[in-house]
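Novice: Handing you this structure, nothing more for now.
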Amino acid sequence: MLNAKHKIKAVILLSGGLDSTTTLAIAKSKKFECYSLSFDYGQKQESELQSAKNIAKIFITSEHRVVKISLSGISKSALTNDNIDVPKFSQSNKIPITYVPARNTIFLSYALAWSEVLNCQHIFIGVNELDYSGYPDCRKSYIKAFEIMANLATKQGIEGQKLTIHTPLIHLNKAQIIKKGLSLGIDYTLTTTCYQADKNGKACGICDACEYRKLGFKEAKVPDQTRYQT
């Protein structure tokens, strides 16, 4: 726990989803001064950006920025390509078509740059190794490798102000994440998890993200108040 009179800055990657919102709440509970960062990268679920903006206001982040980048032209992902359908949930060990190449590397790089501007040595990201659909950039080994790179590649790093990338959800399943968030007062109806939510944030109910969310609430024995299309 940090001294409330001397808050330490942290950049929080905030998508507007369940995991990133819980991560922001955890950072706030640890008394970090939070700066939230979201991305408009051409994703189909544009409503999650509105969720991110609303959540940043509710948690009173010191600043919330939305960075506009285009990954649709260089990415063959169902999340960014209108010609590729988001598939229904399926149990598979293969990396799914919803994987966006290098997405977390790009997002963390922006967070790293902003953290240097803010003279900040802490970044929070809501990845986890259990309910992550097989994405390679959600693993602890990847995060550690990025952290090493960041401290070799930045002015702060070589001057001894070492960056720490916090992954408070890394070993939690969805039910544990939900329980943690509820204990911190999160209203999960404000979050958007679905890969193809409509403009009002209503979830499809059949994609991987929706199924993991449904299962999480079921296992947590908490009513799921998410608005689903099906």
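Indices start at 1 and increase along the chain as displayed.
Cβ atoms here come from the backbone N, Cα and C positions, even for glycine.
The ATP binding site annotation in Swiss-Prot covers L14, S15, G16, G17, L18, D19, S20, T21, T22, T23, L24. Swiss-Prot lists C194, C204, C207, C210 with the feature Zn(2+) binding site.
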Novice: Could you say whether, by DSSP, L24 (ATP binding site) belongs to a helix, a strand or a coil region?
Specialist: helix
Novice: Near C210 (Zn(2+) binding site), how many other Cβ atoms are within 10 Å of its Cβ?
Specialist: 24
Novice: Within 10 angstroms of the C-beta of C204 (Zn(2+) binding site), what count of other C-beta atoms is obtained when all protein chains are considered?
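Specialist: For C204 (Zn(2+) binding site), the count of other Cβ atoms within 10 Å is 18.
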Novice: Could you check which of the binding-site residues L14, G16, L18, S20, T22 is the closest Cα neighbour of C207 (Zn(2+) binding site)?
Specialist: L18
Novice: Please report the three-state DSSP label of L18 (ATP binding site).
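Specialist: DSSP call for L18 (ATP binding site): helix.
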Novice: Just give me the nearest neighbour of G16 (ATP binding site) among the binding-site residues C194, C204, C210, Cα to Cα.
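Specialist: The answer is C194.
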Novice: So of all those binding-site residues, L18, S20, L24, which one's Cα sits nearest to C194 (Zn(2+) binding site)?
Specialist: L18
Novice: Should C210 (Zn(2+) binding site) be counted as helix, strand, or coil on the basis of DSSP?
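Specialist: Assignment for C210 (Zn(2+) binding site) reads helix.
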Novice: Find, among the binding-site residues listed as L14, L18, L24, C194, C207, the one whose Cβ has the highest number of other Cβ atoms within 10 Å in the structure shown.
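Specialist: Buried the deepest by this measure is L14.
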